[in-house]
Amino acid sequence: MKSLKQLLLALAVLTGSLGLNAAELNLFGWSEYVPQDVLDGFTKETGIKVNFETYASNEELLSKLVAGGGNYDLIQPSEYAAELMIRRKMLAPLNKAKIPNLKNVAPEFKGLAHDPKDEFTVPYMSGTVGIVVNTEKVKDPIRGYKDVFQPKFKDRLVVLDDNREIVTWALYTAGLPANEINSASLAKVRPIIAQWVKLVKVFDSGSPKTALINGDVDIGIVWSGEAALLWNEDKKFKYVLPAEGAHRFIDIFCIPADAPHKDAAHAFINYILRPEVSKIISRDFPYTNPNIEARKLLSPEELANPASYPAGPAKLETFRDIGKAAAEIDELMTDIKSAQ
Ligand code: SPD
């Protein structure tokens, strides 16, 4: 007869091979977004090992999830991708009793369109997509997309490698809505995008700041956190919210319905919502922090960064789930890029 110790060992091997090891968290998140210090701090405190995989677009996240096999416990989509996943019942409802630090989320980040009852999602960081100008190299006023995509700036531009973002800039330029996208609106913006793509030197969603720092390009259309890091590096990098309109994104944490380690996922969400942990995230990735208590810990310089906390009027919109039009956007962009 087997001893109790042998039985416990066999159980541990079995649960481990099924991916049920409680001391593990499979996190799938954006690249350049979660500081290593934060992952290490969580493991040190809880003993939970974090297996961290990254992606550079919501579409990459979605296709990996739909293909299955990822075994992810915690994911980090933007608002419109979360809305899609809620609609398709791909997410587990949160057990709020396990996340007492939810009290730190600012009221303006609650009850938003992608998750009106805050049942599935917790905001991580928010931000905008805007223009960065190296003002030592570019003397013309740059106010919007039309000013950026001029033939004289050919090969001096870096832009996000993100189909939905690029199509949205063109929709704004054409005066069309960003969240009611159909074949007709895409046909209207096709020629605009085809012209723009020819001018771009670098497509990069992971670290678009690098091409600007290296002096490979002089203007970028980037995530606000990247612009904020550029501003910290050198005040010659000015952030401009495009006059035609800009995306205000909310990146969130949520738990896939089939996540094997839901307790670990709840524990991680609660950990990152601690003000002192969230402050570290803001230090390394200076987006707009939705944690009201963490904001109190930020320095006046951090709060005055014009890319992290933009002031002044701007036409900002969050994205919505656009259903089948998402695939049409991808087809359009593949088509345009392959014709270059
Ligand atoms: N490197 C982190 C970038 C996060 C950007 N998230 C916003 C995506 C909106 N499409």
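Glycine is treated like the rest: Cβ placed from N, Cα and C.
It should be emphasised that the depicted structure is a prediction, and the values quoted were computed from it without experimental measurement.
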Legend entry - spermidine site partner of GLU32, ASP162, ASN163, ARG164, GLU165 (as recorded in TrEMBL), chosen from TYR72, TYR80, TYR124: TYR80
Legend entry - Cβ-Cβ neighbours of TYR80 (spermidine binding site) (radius 10 Å): 22
Legend entry - Cβ under 6 Å from ligand 1: qualifying binding-site residues of GLU32, TYR80, ASN163: GLU32
Legend entry - Collapsed DSSP category at GLU165 (spermidine binding site): helix
Inset, instruction - Give the three-state DSSP assignment (helix, strand or coil) for GLU32 (spermidine binding site). - result: coil
